[in-house]
Every structure is written in structure tokens, then in C-alpha cells.
Amino acid sequence: MAAPRSLLGDPVGRVGAMKDEENAAEDDSPIAKRLKSERFPFTRWELVVFVCVFLIFSTGLFCVYLTMPAAQFGKLKLPRTVSDLRMLKDHLAAYAKDYPAQFILGYCSTYIFMQTFMIPGTIFMSLLAGALFGVVRGLALVVLNATAGASSCFFLSKLIGRPLVCRLWPEKLRFFQAEIGKRREKLLNYMLFLRITPSLPNLFINLASPIVDIPFHIFVLATLLGLIPASFITVRAGLALGDLKSVKDLYGFKTLSVLFLIGSVIIIPTLLKRKRIYE
């Protein structure tokens, strides 16, 4: 007589299949890794590192603000519009004049913090530097702080940034890596071109540079020199803050044309080098 067939199928086989599925989910196969990466871009260790670094920076920034007079706390606000910036400039002008060391320390800490953790609004900080310190001192302040913040972002990305960049800009990262590979011998010229022109966002350059193995000394030098033209335009605009209606007015067609012209002159050696190789 034939054995009766269970309506639930083979229970032993079903249990074995379930165990196999559990084991497959726990292993390090490409499918498992892909499923994990789709859930969250950071591992637990990377998230802990990011939180710790953020808390260290935040604590330092808070300690700097504690040195300010109590009357100034209510006036502190990150500007989001040009009108907000005008109000902030009027509030801080007297304080910057009476306590220059404390103000510069607070300004630098805020700028580097925003640049490190990719917080929008550094362009308003650049305008504020021009409005309060003039072109020469304002430009030096902006370029040095932007370079320091970009360097902090570089090292933070080198530590934990690869999953985030690969998740947000996979195509752009592949393009960037291919272009870097073509220009290894004249890498400084290419990085200067990227910094001077708006070909790629500075945020992406800061995060992707350590991932595509750009040497830190080239990154720093290109940042320090390449940010000067655009920073000069922004800082100088801060002198006439009352005439500025919107941040978009800073980079019109004429300004972008000048930046691309400067960048094109810098990248010419790289193009000539490639032409000789092909010949």
C-alpha cells in the first residue's frame, strides 16, 4: 500500500530548506551584502565612529560659544537667506570689533564644523567674512577655513564614507575614478580645474577623493589654491551686502565664464600630455 501523502509536503525537507535560507542570509555572499547595503549604508562600527566624531566637534563648538557674552546668544542664527545674513551682520559687527579673537575662533569653528559634516550655508559664512573683515582678511579667513573643513571631511570620508558615496553617486563616482586614472601624472592640474570650476560639486570632491586614492597633499594644495577665485568673488560681494538680492546673483554667466577660462588654462598641460601620448 502506498504511504499517505501529507498535505503540508515533506516536513523534514521544509525544515532543511528553512535552515539553508537562514544560513544563506547570515553568510557574506554578494546577495547578502547587497541586501544589507540596501537597508543602511553604514555598518554599526562606522555609525559609532561618525557619532563620536560629531559629538567631539559639537562639544568643542559649544565650548567656544560659551566664551561669548550672554547677550549675544539670542542673536546667533545660521542665515538661510541674504536678509537673514544682513541681520546677523548688524548684530555681530560690534562684537567682532570689541572681541576679535573670540569672534574669529567662533567663526572658524562654525565654518569647519559645517564643512566637515556637509551642512549647507558656508556661502553665507563667506559673505559674512567679506562684510566684517574686508577682502584681504576675509579671503584669507574663508580659504583657510574651507581648506581645513575639506581636509576634515576628506579624513572622515576615508574612515567611513565609502558606503555613503557609493550609495548616493555610483555613476558619478565611476566617472570620477576613470578621469583620475587618466590624469595621474598631472593630477594637481586636474584637481585645480575641478576646484576652480563648478564641474563637480565641492561636497562630492571632498567625499570621493579619498575613495579614488587621491593623495592628501594634492587634495590640500588643489583646495587651497583652487578655492581662491570663487572665494574672492563671494567675499567681495559681502562688501556690498545691501545690494545683493540673492545668492544666485553671485554666479551669473559672466562669472562662470571667467572661472571656466581660468580652469581651462590650468588644465591645458594635462590635455597636451595626453595628446603626446596618443601621438
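Please read every residue number as a count from 1 along the shown chain.
Positions of Cβ are set from backbone N, Cα and C atoms, glycine also.
All TrEMBL annotations are machine predictions without curation.
TrEMBL lists 47-68 (among others) with the feature transmembrane segment.
If you look up TrEMBL, you'll see 111-133 (among others) marked as transmembrane segment.
According to TrEMBL, the feature domain 'VTT' maps to 119-238.
The transmembrane segment annotation in TrEMBL covers 139-157 (among others).
Listed as Cβ neighbours of the transmembrane segment (218-239) (distance under 8 Å, sequence separation of 6 or more from its ends, same chain) are residues 123, 126-132, 134-135, 138-139, 142-143, 146-147, 150-151, 154, 187-188, 191-196, 209-210, 250-251, 255, 258-259, 262. According to TrEMBL, the transmembrane segment annotation covers 218-239 (among others).
What TrEMBL records for 251-272 (among others) is transmembrane segment.
Looking at 47-68, 139-157, 251-272, the range that has the most CB pairs within less than 8 A of the transmembrane segment (111-133) turns out to be 139-157.
Beyond the ends of the transmembrane segment (47-68), by six or more residues, the same chain brings 76, 95, 99, 102, 105-106, 109-110, 113, 116-117, 156, 159-160 to within a C-beta distance below 8 angstroms of the stretch.
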